């Protein structure tokens, strides 16, 4: 973290620098003009994590500044949503005088939504007892007069949910509202307003699609649920069980009837498609019945593994969302042999950092 770089007056210049850097990095692929989707310059992060410093009777949040090589007190945090900032102040005022709630507390995590819900996770270097549970329940009751809040306590091999361990986000995407269950300690898009722009872009580039869609690494169904409207059917894979469970909830709450989620890794699915292995999890699913002309991938920072990349290359159209331009560039060295980049986008999920979220649509040459 570099707090000095977080200056809204420099946001436009920083975004321009990112665009230029991205264009130069991918010039060899003869990409079309970069479509740039800006973030809000402040209060854009829907989640934040803070360490907690104890100093006598005082108690405060802090982060580590790599430039200063020191901890920095954070009574407020410019990137975090307005809701998180409001909760930060209200929560610390409650924690300071309460021995049971502050004793050996070392971290606080916040997960907020545009829909107004917020989840607070309190992390401890001690086991949590009945007194903690009682005090935490009273804390939740007091905070509930101002917030739609849930509280979780965590310690080594211990997790206490006072109510539920998730929030439900509502995103207005074009003329539709999509609802997403977001589970504590699971991946969610951190910048909700940019996430909306990503969904709208993905919907736009897949308009008038033929056949079915295959999605790898689908998470909680964020993209596949929004894209289902553009395809006859959608088949999606995800390995993490909490994400699969959330995806099933999201399919139901959004009334999506043409989306099937399979719990397996991209590598396993590649083997299944190549008929190298059979999987009990695929019983009742006829993979051969799907006519997937389009594949959607949103891989982890490491990019797509060689076997899966070969699978991906077999589709007419490839929609690739990347959180790491370096591994995207590596993957494009192979994909560019058979496909051409026809749409290219920069999504500024993480202002004031070097991080660049990118999207490319590739179509067979």
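Each residue, glycine too, has its Cβ placed from N, Cα and C.
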189, 217, 222, 298 bind S-adenosyl-L-methionine per Swiss-Prot; candidate in 200, 238, 283, 310 listed for that same site: 238
Span of the S-adenosyl-L-methionine site, taken as the largest CA to CA distance across 189, 217, 222, 238, 298 (Å, rounded to a whole number): 16
Cα separation, residue 217 (S-adenosyl-L-methionine binding site) to residue 357 (active site, proton acceptor) (Å, whole number): 16
Intrachain C-beta neighbours of residue 238 (S-adenosyl-L-methionine binding site), sequence separation six or more, cut-off 8 angstroms: 217, 218, 219, 244, 247, 261, 262, 263
Entry from the binding-site residues list 189, 222 having the most other CB atoms no farther than 10 A: 222
